[in-house]
Amino acid sequence: MSRFFGPNGNGNGDGLSGRLERIFRLSGLVGLVGLGLCLVGVLFDVQQVLRSYLMAYLFWLGPAIAGTMLLLLIHLAAGTWGVITRRPLEAAASTLVLMVPLYLPIAIGLGQIYPWAGAEHGSEAHAERDDGEAVAEHSAEPEDEIGGVQPEYTLDPEGAAVAATDDGHAAGFNHKEIWFNRAFFFGRAVGYFAIFGLLALAMTRWSAEQDRAENPWLPTRRLAAISGPGLLLAFLTATFLLFDWGMSLDPEWYSTLYGAMLIIGMGLQTFALTNIVVTLLTDAGTFEGLVTPKRLRDLGNLMLAFVMLWAYTTYSQFLIIWSGDLSEEIPWYLERSAHGWQYVAAFLVIFHFFLPFLVLLFRANKENTSRLRTISAVILGVHVVDVYWLLAPSLGYDSPVPHLFDLPALIGVGGLWVAAYCFFLNARPILAKNEPKLVELLASDRAHASHSRT
């Protein structure tokens, strides 16, 4: 086993550490440049910069959230695939420490992003005036800097407009006002970060104890014990997080499948990223033969499973809402099936499901590092479009044409995220030293090699 753990501090060898340090510096610089461009953009259009920033933030939050959940799944299922993906997933989960301060621009600019948090929904708008001017002002259609007048979604079953309540909201909104409260919203955000932070900290700290311990039985048992309830807690927490930060962009719309759909997408994104890292490390000789074609095939099969789950949850939500044809639900899809958004949807059907599904059916594509890496990179890139399709129409984008600030925000947050990821990946040995499954894999490889010689 010593071949995997060199003499330097992290055990990764000077070559791997040097490459990770170079990527750390370059990506950090790119991230700072991207965020610098966003800061310049604030001088011209602060609302649009914040909208672009939210989409970028939720995209890069995905690996931190899903990485934590997949780590819990590894310790729950104890599959051999977790041996080679554990450190990359621990690095992804550890990036949550970066996502906390990066959330501050969203918290500060909440009223510029979420309709329910805007100034027009404050106490001033609800104050009664004898001439009725306040109600008329609050009920007027709000202007949107990108899309012009925002569409009215409050319809009865026949399509006629439903009268708004005296506070300017649709009648169905009133029961949500307790939930859409700034103090409660920020309190929930603190809770989300605390829960995922504690889970990620427990996973990484006990993993480090497992590396150092002469008898790793206790930390191994702790990791296994927390994995079941931790995974359930993480899934529920992520669901409500996505309700708050994604679904509430349309405060009068709801879907119970929304959270699960986005969580599966985050899982697919994280597996694609992890497969890219694992195949690069394999080609660089880091694993020294530990990653066999069969183990690569396992990673490809797991990614295929997430592709199918993504298609299942996405289509299920569409089918339920479209067939129900309810006035409070259907506008979300109507908005995404016109003005060019329908072509984006078709693109996602082809490149986020059909193409990956077909190519991942072939064993040769999963057992070859270059092919698996290419497929994973395509999925990761297309997932950017998926997040854009889910969020941009709710942020006032009338067409799929990206805004000037979308790319700087994506590379700004992404550059810092990649830098943090490389930092955490380089901080520990690339393989968990006392992982029980690693011992089994090495013993299996030795037995297979001995059998081959005879």
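Keep in mind that glycine also has a Cβ here, set from the backbone N, Cα and C atoms.
If you look up TrEMBL, you'll see 125-149 marked as region 'Disordered'. If you look up TrEMBL, you'll see 23-44, 56-84, 96-114, 183-202, 223-243, 255-281, 302-323, 343-362, 374-395, 407-427 marked as transmembrane segment.
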| field | CB contact flag for the transmembrane segment (96-114) and the transmembrane segment (407-427), at least three pairs under 8 A | value | yes
| Near the transmembrane segment (407-427), which residues from the same chain, at least 6 beyond its ends, have a CB less than 8 A from one of its CBs? | 10, 12, 16-17, 20-21, 23-25, 27-38, 41, 49, 52-53, 55-57, 59-60, 63, 87-88, 90-92, 94-95, 97-99, 102, 277, 384
| Would the transmembrane segment (255-281) and the transmembrane segment (23-44) count as touching if the test is at least 3 Cβ pairs under 8 Å, pairs 6 or more apart? | no
| field | the transmembrane segment (56-84) touching the transmembrane segment (223-243) per 3+ Cβ pairs under 8 Å rule | value | yes
| task | Could you tell me what the rest of the chain brings near the transmembrane segment (23-44), counting residues at least six beyond its ends with Cβ under 8 Å? | result | 52-53, 404-405, 407-419, 422-423, 426
| said: Within the same chain, where does the transmembrane segment (374-395) have neighbours whose Cβ lies under 8 angstroms from its own Cβ atoms, ignoring anything closer than 6 residues to its ends? I mean 6 or more beyond. | reply: 51, 54-55, 58-59, 62, 113, 146, 246, 249-250, 262, 265, 268-269, 271-273, 275-276, 279, 300, 303, 307, 332, 335-336, 341, 344-345, 347-348, 351-352, 355-356, 359-360, 365, 402, 406, 410
